[in-house]
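Note sheet for the following structure.
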Amino acid sequence: MKLTCMMIVALLFLTAWTFVTAVDSKNELENRGGWGQAGGWGKLFPMARDEMKNSEVSKLDNKRKCAAAGEACVIPIIGNVFCCKGYCLFVCIS
């Protein structure tokens with residue numbers, strides 16, 4: 001019982017330590033709301049959505065690679081080659 005309690009306390013301590021010592025990314029969203037500013041977290045998400053539409057702020061590559069019928073494809077969750085027309089069952093089926 002004591003060992004279980006010690007493990008739980010250690011896990012909580014390490015989790016808190018991870019969040020406290022985390023370094024902010026250089027690519028963070030500008031003008032994000034926060035606890036101290038008026039608007040709070042409700043202001044964060046609409047601004048984040050608008051900034052992600054801006055190609056200069058967002059460095060994500062949203063281009064989809066389409067495979068033709070009969071070509072190899074990957075399940076969308078795992079890879080980046082999709083069947084844009086039809087279904088993927090290791091190969092594109094129209």
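Using the three backbone atoms N, Cα and C, a Cβ is placed for every residue, glycine included.
Residues or ranges marked as signal peptide in Swiss-Prot: 1-22. Sequence annotations record features per position, and here Swiss-Prot assigns disulfide bond to Cys66-Cys84, Cys73-Cys88, Cys83-Cys92 based on similarity to another entry.
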Quiz item: Looking only at Cys66, Cys73, Cys83, Cys88, Cys92, which of these disulfide-bonded residues has the biggest number of Cβ atoms within 10 Å around its Cβ?
Solution: Cys73
Quiz item: Between Cys66 (disulfide bond) and Cys83 (disulfide bond), what is the CA-CA distance rounded to a whole number of Å?
Solution: 6
Exercise. Specify the count of other C-beta atoms within 10 Å of the C-beta of Cys84 (disulfide bond).
Key: 11
Quiz item: What Cα-Cα separation, expressed in whole Å, is found between Cys73 (disulfide bond) and Cys92 (disulfide bond)?
Solution: 6
